[in-house]
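Quick notes on the structure that follows.
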Amino acid sequence: MPGNPSTKTRSVYDSDRELNTSDEESSADDDDDLDDDDDGSDTEHTIQHLVASRNNTEIRISGLNAIPNDTKDEQTLLLEEEDVQIHIQAYRFNRLQLFFYRLSSVLSLGIVWLVCRWVPKWYIAWIGVKVPLEKAEWIVFESQYNEIEIIRPFREWYQGTVGSIFSHDQIKEELLQFNVNTEEARHLLNMDHPINQLMLVEYRYIRLAFHPLLHKFLIVGFWKDPTWISTKNFKLGLTAEKYHARLSVFGPNLINIREKPTSKLLTDEVLNPFYVFQIGSILLWCMDDYYYYAFCIFIISAFSIISTLIETKETMKRMKDMSFFECSVRVFRSGSWRNVSSVELVPGDLIDIANIHTVPCDAMLVSGDCILNESMLTGESVPVSKMPINDATLKKMNLSSSSIPAEIAKHFLFMGTKMVRVRGGDNVTTATAIVVRTGFSTAKGALVRSMLFPKPNNFKFYRDSFRFIGVLSIIAFVGFLISSVNFIRLGIDSTTMILRALDLITIVVPPALPATLSIGTSFAIRRLKKLGIFCISPPRVNIGGKIDCMCFDKTGTLTEDGLDIHGIRAVTTLAKDDRKLFDDECKSVAHVDPNNDAATSTQARILRTMTTCHSLKIVNGELLGDPLDLKMFEFTQWELEESGGASSMGLKPRSELAALQAKKTPPPIEFGIIHTFEFVSSLRRMSVIVRRLANPTMEVFVKGAPEVMKDICTPESMPEDYQERLYKYTHRGYRVIACASRQLLGVKWHKLHKLKRNEVETGLTFLGFIVFENKLKPRTASAISTLRNANIRQIMCTGDNVLTAVSVARECGLIDPASEIYIPRFLKGSSTEPDSELSWESVMQEGNELSTDTLQPYSSTHHFTQQHDQEYHLAITGEAFRWMVDYATLESLHRMLVKGAIYARMSPDEKQELVMELQNIGYCVGFCGDGANDCGALKAGDIGISLSEAEASVAAPFTSNTMDIECVIDVIKEGRAALVTSFSCFKYMALYSLIQFTSVTLLYAFGSNLGDFQFLYIDLFLILPIAVYMGHTAAWPHLDRKRPTASLVSKKVLTSLIGQILINSGIQFLAYWAIHQQSWYTPPVFDPNGDNIECLENTVLFLVSSYQYMLIAVVFSVGPPYRKPLWTNGRLVLTLAILISLTSWFVLMPPAFVMELMEIEPMPMSFRWFILFLAALNLVVSLMCEKYLFHQMMDKITQFLAKRSFGYTLIGAGHGKRGHDKTYRRVMDEMGLHE
């Protein structure tokens, strides 16, 4: 069963971010109820929890292990930010084996060393002996992608305890993996256990420390000081002794990317297997006197290496400049304030943030308040308010995970974020924060690591290309053996024989083959850049050509960023029976008189709610805050004034009623906002306590999601048509905010700030709705229509209301207006309870439901037919998605993923997990979004397209400057063109090598070969420009329903490739045979000590094959439906025209100097025309077979194999009821659906 992503992958925040950052729930707001329990009670509670968890059958913990012991020599560790699982093994050197390894490396002239460098597992097995982790001389880290790194740990003396390195919560989570009893748990949770020697290792900038009781390495960046249970403990700062101890554990507060020296980069590049093969080839050609060709290849390779070196150095420098930051910070240490470099900060340092412009670490706000721009991390341009943490939140804060929950994030200052405004708080003259994480352990550090170490590309095309190179290598080896036998028969000396046979390997596996894979991609990236779409991950371009499922965020992606107010819908009381109903129409509040008594004017109270219930701030005379709050406040035409001036250090005396005042001009009426309960995503509302100046009465105003208002409003204030009106607006795509208020009576001033939230937000009078409209972007509907016509599935994934999402989906064409929509509802339980029950109910027709087992429609009167089953979609809420993933059967989960078109109220982690679940059932998934909630999903998708220009777009492979989803069409079109180009270039290079292999093998039969300038002409003048310009053909302007293949070993590709090999080899054999039939033919005189190049066989095969290299470029230049026709590629057409003319000149009337240079033998004109005829025949046969015959052959072969293997005949090529390679296709078959 798929697990919760919160245990696997993390984004910066855990739930939807708003400028209205959340306050604590009621228990968190009353600091007077807290006690300062030490960690001992927590430990005892944890011990009971661990033992209870082990015995509770409802808690599913896979693979409980015995208690770790000191003989443990390996472990597995999950890196949450990267979503990578690494295997750790400890080794020491076997001194004897190390000696033999070094000796072998010297005796083999470095070959043994080179092979072990390429295959590190052989090196490890040769010189290493496994030892317990704590005795390791060197440690092997192997990722789930088989990436291996060997790192030496470092040790230093340390006089501290377990609790000074590892957090209680972190160890508790580790113990859930083990089968422990009470005594064992108490022993392993001993935070006072002394540590005399610290053993650390750094893997990809993540610092790990060895835990002496668990006998395993843990990440030190998740540490929480045991004394962090009260903000009072922060005021003491750190002593010098504690500072130095923590510096040795956590290291300097620095994100400093270690740049490899130029010599090391050069060595790594040159020793790449590709370049080693080229170096070997160059040496071989020099030994065989092919100096000109060897020199040209050397120059090209050197240029490529230097270009790569320069580009790598520039990239690393940009990365280093972007990530490196250092500033002066005022820190309280050893009883006094002092200025230090930010590099010297460690967790637990108390810092003054009043004069900081960029946050130098991850920290918790202790006093004061501030506003930050977090776009660097989240892509969200709206500044975020931060407030000081209280003791209740501090005590329950868990830092054992890389992610920061929303209720903690509102107190968190993230490294690299920009300070917009900072002010002191109550009883303090400055704003202070406590350092929590430093260096690469911060959120910025995680982002930098994700760019430094991206997930390896596992695209099928690249896997197949290397397999294909392996097949070519086998062919080369067979040719090597055959040629060696033939050379022995001819009596050629052993040196020449070895050189010629090895040369055959360089022909069959051409050194330029891997480089051709990037040609189409490079041109596609260039074309995308002209469209305002930038790519930072070139391999993702080809993957874009295989996308069959596209997920979209709603707000800012499908719809406009801003919300416009449609109007307000106030509650009206019917005098005759005191019934509550809504007004007949939406109205503006601009005409409302604010002096109306609140008891008699519902509209006036809605106006006051809109005026005061927000978290807007004034910075440099400008209002900053959530766009919804800004639009709402601007709509009221009121003004906001902030008391205390612009000073960030000012103190506000209690006689000054409130920090914020809202006033209307005219009339001169003012309201003071006394206390704010910030927006909490779990409560889905915010509230304010307001007092009208010069009036003793205080009022509470609340706004929030309509679904939660029934719980806090009095029943008699709720209108009878509440659900009816709400349903109407949400179905039309409007966003609805509900308002309520009450008078706050009998509360003394000194108790006002200690009121709990649940005491304030109760007994409210419902006022009405504020109705916002979110308009579709102009190009959304056309882009969705294009994707639908191309058979690319579209999914909306949003944090908005499900009914609003359904309405927008209908409007933009993501779902058919006539389609039935089913929404889940919990009949029993909730998303966290395994035995909960879900029902799926129709939005349009009451009584229509889905079977909970099959997720197919039925009604109380009849079952739907399969035809009707096609015409429904699921709109899934975040809660239902969470429950389905955690507790539903795998079959039900897969069916939900196949039929789900809308996913609403989704948190950032759930968006990311949705993408991963869709990938798990076989979809190639793209994600397009623009905001803070999309970063994780953008990274998880096979392609991610960010519409945000903020730095967070580095999390996405593609960034678009055009803020609409038309860019998705462009990326997919260019991806398809690039993928087809890669196939064409690969097939071209493979066939080129096999054509040359055929020529050389025929010449080797009597000891001849191609000449040096013949090789030079073929490889540099023919192959190089053709291979480059083949990739210049632009993408086809329309998306076809069928995607291009991504497999080099597919029947279609193999049939084409093998067929063309047979045709071109056959033409060469025909030419070879024809020359021997001529009456004027003179057999060559074989010289065992000569090159034997100047002969008629050489001339004929050179000229015929020269045409073939050009003609196969025409055959493999695939046009529609993925690329434009060949004739639109002007550069390729011009290149082919010049080269065909040049080669024809060589054939028909070569001058003497050309014949001497190219070693061409004279022939009668009639045979020269015969060579042209063979070229024309080759072109016609190759084109006709490629276009017509090979496809029919493929279908026949498919039918034959299916009949032989399964005993049935396929109806239509490539389709059948068996053997689906993707889970989602099998599920669709079971549900009677079709793509």
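Backbone N, Cα and C atoms are what each Cβ position is placed from, and that goes for glycine too.
Quick look at what TrEMBL lists:
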type     : residues  : note
REGION   : 1-44      : region 'Disordered'
COMPBIAS : 1-10      : compositional bias 'Polar residues'
COMPBIAS : 21-41     : compositional bias 'Acidic residues'
DOMAIN   : 82-211    : domain 'P5B-type ATPase N-terminal'
TRANSMEM : 99-120    : transmembrane segment
DOMAIN   : 233-285   : domain 'Cation-transporting P-type ATPase N-terminal'
TRANSMEM : 290-310   : transmembrane segment
TRANSMEM : 468-492   : transmembrane segment
TRANSMEM : 504-525   : transmembrane segment
TRANSMEM : 989-1007  : transmembrane segment
TRANSMEM : 1013-1032 : transmembrane segment
TRANSMEM : 1053-1075 : transmembrane segment
TRANSMEM : 1100-1120 : transmembrane segment
TRANSMEM : 1132-1154 : transmembrane segment
TRANSMEM : 1166-1185 : transmembrane segment
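Below 8 angstroms of C-beta separation, residues 1021-1022, 1025-1026, 1029-1030, 1032-1033, 1103, 1106-1107, 1110, 1113-1114, 1117, 1126, 1160, 1165, 1168-1169, 1171-1172 of the same chain, each at least six residues beyond the ends of the transmembrane segment (1132-1154), sit close to that stretch. Counting same-chain residues at least six beyond the ends of the transmembrane segment (1013-1032), those with a Cβ under 8 angstroms from any Cβ of the stretch are 290, 292-293, 296-297, 510, 512, 516, 519-520, 522-523, 978, 981, 984-985, 988-989, 992, 996, 1098, 1102, 1105-1106, 1109-1110, 1113, 1116-1117, 1129, 1131-1132, 1135-1136, 1139, 1142, 1157-1159. Here the transmembrane segment (468-492) has Cβ contacts under 8 Å with residues 500-502, 504-505, 507-509, 513-514, 986, 990, 993-994, 997, 1001, 1004-1007, 1048-1049, 1086, 1088 of the same chain, all six or more residues outside its ends. Taken through DSSP, the domain 'P5B-type ATPase N-terminal' (82-211) splits into 50 helix, 48 strand, 32 coil. In the predicted model, residues of the domain 'P5B-type ATPase N-terminal' (82-211) average a pLDDT of 87. Beyond the ends of the transmembrane segment (1166-1185), by six or more residues, the same chain brings 1059-1060, 1063-1064, 1067, 1070-1071, 1074-1075, 1078, 1100, 1103-1104, 1107-1108, 1111-1112, 1114-1115, 1144, 1147-1148 to within a C-beta distance below 8 angstroms of the stretch. Counting Cβ pairs closer than 8 Å to the transmembrane segment (989-1007), the top stretch among 99-120, 1053-1075, 1100-1120 is 1053-1075.
With a cut-off of 8 Å on Cβ pairs spaced 6 or more residues apart, the transmembrane segment (1053-1075) and the transmembrane segment (1100-1120) reach 3 or more such pairs and are scored as touching.
Sequence-distant contacts of the transmembrane segment (99-120), counting only residues of its own chain at least 6 positions beyond either end whose CB sits under 8 Å from a CB of the stretch, comprise 126-127, 148, 150, 271, 273, 276. Counting residues per DSSP class in helix, strand and coil order gives 37 helix, 1 strand, 15 coil for the domain 'Cation-transporting P-type ATPase N-terminal' (233-285).
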